[in-house]
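So the structure is just underneath, and the comments pick up after that.
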Amino acid sequence: MSAEEVLENIRKEIIKKSPKEAKIVDVQFEGPEVVVYVKNPEIFTNEIIKSLAKDLRKRISIRPDPSVLVEPEIAKQKILEIVPEEAEITNFVFDANTGEVIIESKKPGLVIGKEGKTLEMIKKAIRWAPKPVRTPPIQSETIKAIRATLYRERHEVKEILRRIGRRIHRDIVVRGDYWIRVSFLGGAREVGRSCLYVQTPDTRVLIDCGINVACEDKAFPHFDAPEFSIEDLDAVIVTHAHLDHCGFIPGLFRYGYDGPVYCTRPTRDLMTLLQKDYLEIAKKEGKEVPYTSKDIKTCVKHTIPIDYGVTTDISPTIKLTLHNAGHVLGSAIAHLHIGEGLYNLAYTGDIKFETSRLLEPAVCQFPRLETLIIESTYGAYDDVLPEREEAERELLRVVSETTDRGGKVLIPVFGVGRAQELMLVLEEGYNQGIFNAPVYLDGMIWEATAIHTAYPEYLSKEMRQKIFHEGDNPFLSEVFKRVGSTNERRKVIDSDEPCVILATSGMLTGGPSVEYLKHLAPDEKNAIIFVGYQAEGTLGRKVQSGWKEIPIITRNGKTKSIPINLQVYTIEGFSGHSDRKQLIKYIRRLKPSPEKIIMVHGEESKCLDFADTVRRLFKKQTYVPMNLDAIRVK
């Protein structure tokens, strides 16, 4: 049966089971949802929608028909008339494709009203579905640009969703000899260019598609694998916004991919920021990049954000559920339910199985699980990291001692994740009087932090409590100063004042952190603190390993040696990855316990060591694939 025939059957069922007074205008597949356009959406109660979803076994979305929506400018005025001024509305975002209007205000409770009465009044007056959110304390240019693109290209986005929907809902007959295999196109026995290719007789799914920024000759996944074909690809899933997991996604669109990208909303925004930053840095350094800014926009238009815990059809036989991974904002464990109860596979991406200042720990309970693919960054026997409190004390000690002697502290960080964790520690240390110096934020850190403030529901309970109930937002502290230009960076470097500098990139592979290192390295009163993983071959690993001189390429393309006289520290307790103890604890706590466990995302020796330990401790089948290996899991 074709997708059109499937849709026609669904349309008839919905019309038959829906109240006539709802006045159904159209029923369409849009991405993973069946969208019902009606003239009177308020007729559809939650009970009716749940009943339809259960009977049809599809996600049902009820939307107002565009013909009944009040013009946005008039709608704004009506909302302002209904909502009390004390709510302090700051912005409206109208989404014509969903019929929603996001209402940003400083007091969203007043937009909702007692028992939701104000929301009901808004809905009746404008017919749009109001979605009240708290005004982000720092405005994000990335989110603004994404919203503008989706609004401007709304007709194209709708067509994209309908095309994707028809592909997802095509009718498939599941064979008796149904098989499932996973090919490892990158990130096996290495850290960088993570890329898994899941194949079944009827579906092809890519999970992550990263770039190894530290190694030019092994930068991209193995798209030359004989089984891989971009034309056959049904879906791409992104676990989180770090370049080694999402850096190549726009390149897929450049080379012919035209399907969906699934991830959480924060991941969509953060990966867009990272990809743009990667382009800009590569351009400045004269490096080739496999895509353009136009491809990043195309990627945004094809991205379908899904929330944690929401099960979504991504093909006729595969359902995807994303769960919190605890690694960075919006990071996810991808759980695939394949066939009707046939097989369940989960890929952790990068996980942190511990509550951090910023995030809750990774989820370890699933409805069903036969195979787990898990990261092994810190999987070796001696990969036991210090306690976080100990790491925080050590960080503040080094910062205090260095600034007291008039030095500058450079902390190279990933713009997403570690930077925000460190901001929280430094803000607390500054408030306690442990050090008295400004903290400069360079690279994309300020913008990444703005995106964090837009998604408070993804932060830890403690952070939400601080921001919403205690009125204390650490990200807005006076200690933080934004470095927004080359001139401002120059002033920080030339100034005699002691300070702390958080700058990207975290492994000194490019960006402002390298620029600061050039100028701070010769002076022994300065210090550099490594707080994240330094991959083999990176400048960060060389400095960390004790090199006394490092080669730096100048702007005119010549190589110059820089002496390393500054103090070098490594403080490991801030990693966003689980250490060996946490990885073992995670496997012990997994419910249900999987039959097979596959180790990836770690140096070869660490993957092998971790696999051997898990095999002995838990009596499980373990695998340590190499790149280009394929494992048949079913």
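Any Cβ shown, glycine's included, is placed from N, Cα and C.
Annotated features in Swiss-Prot:
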REGION    4-69  region 'KHa'
REGION    70-137  region 'KHb'
REGION    179-381  region 'Metallo-beta-lactamase N-terminus'
BINDING   HIS240, HIS242, HIS327, ASP350  Zn(2+) 1 binding site
BINDING   ASP244, HIS245, ASP350, HIS601  Zn(2+) 2 binding site
REGION    382-575  region 'Beta-Casp'
REGION    576-634  region 'Metallo-beta-lactamase C-terminus'
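Taking the mean position of the Cβ atoms of HIS240, HIS242, HIS327, ASP350 as the Zn(2+) 1 site, the remaining same-chain residues with a Cβ inside 8 Å of that point are THR239, ALA241, HIS245, ALA325, VAL328, SER331, GLY349, GLY417, GLY576. Classification of HIS242 (Zn(2+) 1 binding site) by DSSP places it in coil, neither helical nor stranded. Within 8 Å of the centroid defined by the CB atoms of ASP244, HIS245, ASP350, HIS601, the record's Zn(2+) 2 site, lie the Cβ atoms of GLY187, VAL191, GLY192, SER194, ASP208, GLY210, THR239, HIS240, HIS242, GLY349, GLU375, excluding the listed residues themselves. Secondary structure of the region 'Metallo-beta-lactamase C-terminus' (576-634) per DSSP (helix as H, G, I; strand as E, B; remaining residues coil): 25 helix, 12 strand, 22 coil. Counting in whole angstrom, HIS242 (Zn(2+) 1 binding site) lies 13 from HIS601 (Zn(2+) 2 binding site) by their C-alpha atoms.
Per DSSP, the region 'KHb' (70-137) is made up of 32 helix, 19 strand, 17 coil. Looking only at the binding-site residues HIS240, HIS327, ASP350, the one with its C-alpha closest to HIS601 (Zn(2+) 2 binding site) is ASP350.
Same-chain residues at least 6 positions away in sequence with a Cβ under 8 Å from that of HIS240 (Zn(2+) 1 binding site) are, in sequence order, CYS246, CYS263, THR267, ALA325, HIS327, VAL328, GLY330, SER331, ALA332, GLY349, ASP350.
Between the listed binding-site residues, namely ASP244, ASP350, the fewest other CB atoms within 10 angstroms of a CB are found at ASP244.
HIS242 (Zn(2+) 1 binding site) counts 28 other C-beta atoms within 10 Å of its own C-beta, drawing on all protein chains shown.
In terms of DSSP secondary structure, the region 'KHa' (4-69) contains 34 helix, 19 strand, 13 coil. Taking Cβ-Cβ distances under 8 Å and a sequence gap of 6 or more within the same chain, the neighbours of HIS245 (Zn(2+) 2 binding site) are SER194, ASP208, CYS209, GLY210, VAL238, THR239, GLY349, ASP350.
A 10 Å cutoff on Cβ-Cβ distances gives HIS601 (Zn(2+) 2 binding site) a total of 30 other Cβ atoms nearby, all chains included.
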